[in-house]
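Copied over from TrEMBL, here are the features:
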type	residues	note
DOMAIN	36-90	domain 'Treble clef zinc finger'
DOMAIN	106-159	domain 'Treble clef zinc finger'
DOMAIN	176-231	domain 'Treble clef zinc finger'
DOMAIN	247-300	domain 'Treble clef zinc finger'
DOMAIN	317-371	domain 'Treble clef zinc finger'
DOMAIN	387-441	domain 'Treble clef zinc finger'
DOMAIN	458-510	domain 'Treble clef zinc finger'
Amino acid sequence: MNDAPRAPSRYLTDKQKQWRKMHPKEKTLLSEFPELAAQWNYEKNEGLTPEDVAPHSGKKVWWKCKEGHEWQATVNSRANGTGCPYCAGRQVISGYNDLATKAPDLASEWHPSKNGALTPEDVTLYANKKVWWQCKKGHEWQAKVNNRANGTGCPYCSGQRVLVGYNDLETKAPELAAQWDCEKNGKLTPRDVTLHSGKRVWWKCSKCGCEWKAAVSDRVIGTQCPVCSGKMILPEANSWQALRPELAEEWHPTLNRDLTPDQVTIGSKKKVWWKCKGGHEWQASICNRKKGSGCPYCAGERVIPGKTDLATLYPDIAAEWHPTKNGALTPDQVMPGAKQKVWWRCVKGHEWEAAVYSRTNGVGCPYCSRKKVMPGETDLATTHPDLSSEWHPTKNRPLAPQDVSAGSHKLVWWQCEQGHEWQAQVKSRVRGNGCPYCAGRRAIPGETDLQTLCPEVAKKWNMTKNAPLTSDKVSRYSNQKVWWQCPVCGHEWIGQINKQSTSYCPHCEGWEQRPV
């Protein structure tokens with residue numbers, strides 16, 4: 001309170017000075033609302049100070065805000081929360097808070113003639129006054145200034161009001177206007193509503209003659225005749241019985257209770273009971289039947305015990321059905337083409353999981369066929385100890401010969417008795433493929449390569465066309481075809497490595513046409 005401005009002593013009368021001395025503890029505007037006292041206009045209040053008035057006095061005095069705006073208001077109204085009317089936009093200061101200054105885009109739509117002498121400089125942005133406006137398209141309407149400031153635009157451009165020939169239904173959507181029920185809508189016409197109107201009116205379908213009520217805006221966004229779209233039933237026009245009589249014959253005679261084919265539409269998602277000519281009964285939605293789905297039993301999609309089940313059609317495979325691991329499921333409950341995975345047990349006691357259809361497609365026990373490992377029975381160490389002796393001692397860790405079967409496609413490292421190392425699939429070794437170095441299919445640099453064994457032939461190696469392959473990287477006995485170049489005449493040709501002689505050149509010997 002001590003920081004509040006004090007009135008200069010020249011403004012106080014002797015009587016006021018005496019009153020201060022006699023009432024030192026009286027509540028004043030200064031003591032209760034120092035922030036309001038800071039806006040006291042000392043100059044215009046002519047000697048009256050915040051210490052001279054009660055905090056809720058009805059006296060009208062002058063104020064001055066921090067922006068320098070001056071106005072009159074009762075002390076009580078200020079104490080109750082009212083502030084500067086100019087800062088709040090309740091009174092106009094031209095060039096500061098008028099419409100033209102704050103929102104020139106709105107001011108540009110101010111009607112040039114219908115507002116009389118009133119201009120955008122005479123109203124604030126949030127004035128409650130209703131004035132005339134004119135949009136860029138020339139539409140004229142009345143609206144409050146504050147409503148425009150809050151975002152409302154031209155009611156004709158936005159489709160909130162009708163302008164015949166511009167935004168009425170007849171002009172914008174003549175195909176919908178053609179379905180307008182003139183009789184039931186009375187005096188209301190398609191020229192009286194906009195495309196966005198929420199008004200519910202009567203319509204009459206040009207195809208089926210159905211009459212129904214719907215909002216104009218709903219029709220515009222695509223809602224159609226309820227009968228033609230299958231949402232309303234006319235038994236003789238759009239019922240299941242009328243449109244799909246051949247399928248209506250498969251309607252179950254008893255399980256659908258009182259529901260009949262002439263009480264549902266072809267687009268209905270309702271699930272009902274059906275009965276085919278073969279006597280099979282099943283449930284399916286009406287719309288799925290419309291899409292072409294038929295009897296799942298006749299189509300082989302469901303089991304007919306004693307006819308289409310696994311036990312009946314594939315008794316030898318059903319004999320390998322696991323006796324305990326499939327729970328209550330039995331071979332006479334599944335189709336031969338079922339994708340369901342179940343447990344099996346072969347005559348040797350091997351157990352595994354596999355889809356039913358894979359079994360009927362010829363896939364048998366993976367252990368017997370050596371696709372899976374049965375330690376001590378089907379692993380490589382047990383079935384092919386000679387090959388497991390060539391298993392590389394370090395490069396396959398932690399994989400061991402006991403971990404793979406003879407039919408495995410796995411690529412592993414091997415080491416022959418000569419110490420040669422190479423990679424090969426397990427099953428290729430089982431088929432008889434041995435060390436490629438010992439067999440001469442791969443070169444041992446300095447031993448079996450072309451450069452070492454036949455340096456004269458290596459002289460014809462075409463370094464350019466064979467790059468990056470070089471003669472010391474291929475075996476003398478390889479049947480690979482590469483490029484050669486005669487060191488005498490420069491002739492180039494392609495030929496197998498193992499068929500090259502020291503002197504042969506098809507050009508020098510006059511054999512250009514000889515196949516190589």
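For all residues, glycine too, the Cβ spot is worked out from N, Cα and C.
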Quick one: average pLDDT across the domain 'Treble clef zinc finger' (247-300), no decimals. 92
For the domain 'Treble clef zinc finger' (176-231), how many residues does DSSP put in helix, in strand and in coil? 10 helix, 12 strand, 34 coil
Give the residue counts of the domain 'Treble clef zinc finger' (247-300) per reduced DSSP state, in the order helix, strand, coil. 10 helix, 12 strand, 32 coil
I'd like the per-state residue tally for the domain 'Treble clef zinc finger' (458-510) from DSSP, helix first, then strand, then coil. 11 helix, 12 strand, 30 coil
